[in-house]
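J.: Annotations per TrEMBL:
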DOMAIN    125-448  domain 'Kinesin motor'
BINDING   G208, Q209, T210, G211, S212, G213, K214, T215  ATP binding site
REGION    452-525  region 'Disordered'
COMPBIAS  489-525  compositional bias 'Low complexity'
Amino acid sequence: MERAQGQLEAEMQNLEEEKNRVIEEAFIRAESEMKAVHENLAGVRMNLLSLQPALRTLTSDYNCLKRQVQDFPFMLDKAITEAKREICQVISEVSSTNQELLRKYKREMNLRKKCHNELVRLKGNIRVFCRVRPVSQEEQDSADSKTMLSFDSEDDAILYLSNKGKTMTFELDKVFSPQATQEEVFQEVQSLVTSCIDGFNVCIFAYGQTGSGKTYTMEGVLDDPGINQRALRLLFSEVTEKAPDWDYKITVSMVEIYNETLRNLLGENPTDKLDIKMNPDGSGQLYVPGLTEFVVQSPEDINKVFELGHMNRATACTNLNEHSSRSHALLIITVSGFNASTGNRTQGKLNLVDLAGSERIAKSGAEGSRLREAQCINKSLSALGDVINALRGKHSHVPFRNSRLTYLLQDSLNGDSKTLMMVQVSPLPNNMSESVCSLKFAQRVRSVELSLSSSFSRRHENSSTSSSPTHDSVELDSPPVTPVPLPISRASSAGSTLSSASRTPSISRRRSQSQLSTGRLKLTA
């Protein structure tokens, strides 16, 4: 028991020591943890102190945002009002700029037209060209194939003609040698075609004896077209180029004057006679009731028109040509334009005329119905010569009504219209008398000047028809009765605005179209 007691006492002491050690360790840990807690608490207190300013800032920002949200409708209205004001100001500035650009555009357009018109005017009031046809192989093989014409190597406006041992000199605006191509000829003509787009009336005549190449120059062949086809191609090209600003409408008519009778080559009955009448609206302009018109939009449409017109044209065989044209053929092209930006309107007419042969009756060997045709042809050419003489002499009366040809083309042979006469001559000796007549007449035509005051005199239309000598009665040294493009006076101010004389025909034509009888056909190709 003593031993057991001693062991118990030893264990009790060990346990007491162990207890004291554990208590001491727990106290140390508790003290350490308490210290850490105090340190954390101090950190939290520091954080709280630093968060207070941030909290005040957030509170301030929140209050500010709250006020902004409350003020947003007012600020939005103000911003919208300001934006509207700025937009209106920009629109006003753009509109002002557009007006200035439009003014400059109009000025440049008028300046271009004026410069173009002045260029054409400077080239001649009535321009007269001469084209010498080449000698065919059959003619070269004949004994009488010597060429009687020669050209000036330094001046392409001079032509020399040898006749009866004498050399005659003719000065024109341009002379084309037999080697001249269709393209070279048209390059000299295209400025007149452009004038048609600008609202002017233009006449291009082909004049000369039968077989001198008039139809070839005007119509050409399929692979090498003449003035007619090339003029229309140029019109379509110009119209396409101006398409963004201008809206153009091109209409085509074809008529022939056969035995002083006006015939519609595009109508269902080409033998029906048409009449030229005064427009009942009091404008003093002429129109043709029942004349068929095609609206064309491409060169392909034109080919269809040409094909129909050529089928209906009167031709016959004479001593000078197996397929001689026995009538004057007129291709009438009207170009109407409207500019939506400026409100400007233009209307021009292009008359392309292939005149019948101008040879003497004895030379052509015409008999019977051919004789009557030749007499009518020479009468109309003589009337054209009378008109040229009256214009040249600035007479108060110009006899436009003496012939259907001059009467129909009166509005394109007056005022600020533009005219070109293409004289066709043969270089062969047996045609020299006709060539001399044609060239002398061409020189007379070249000297014509027109004035606006005389060109639209009403007396021209109310005058009675006077008789004119036939082509056969013209002496060799006097100008033959030749179809001549009537002189077109170009007003110096035509570039800025169309003269009243040029606008009047356009207005009258539009009025006349609305008053045509139901018999008139207006077709679209």
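For all residues, glycine too, the Cβ spot is worked out from N, Cα and C.
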J.: Could you list the residues of the same chain, at least six apart in sequence, whose Cβ is under 8 A from the Cβ of S212 (ATP binding site)?
T.: R133, G357, Q424, V425, S426, N431, S438
J.: The domain 'Kinesin motor' (125-448): mean pLDDT?
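T.: Here the predicted model's pLDDT, averaged over the domain 'Kinesin motor' (125-448), is 83.
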J.: Among the binding-site residues listed here, G208, G211, G213, which has the most company in the form of other Cβ atoms within 10 Å of its Cβ?
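T.: Output for this query is G208.
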J.: Among all protein chains shown, how many Cβ atoms are found within 10 Å of the Cβ of T215 (ATP binding site), not counting that one?
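T.: Here the count is 24.
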J.: Give the number of CB atoms, excluding that of Q209 (ATP binding site) itself, located within 10 Å of its CB.
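T.: Result for Q209 (ATP binding site): 26 neighbouring Cβ atoms inside 10 Å.
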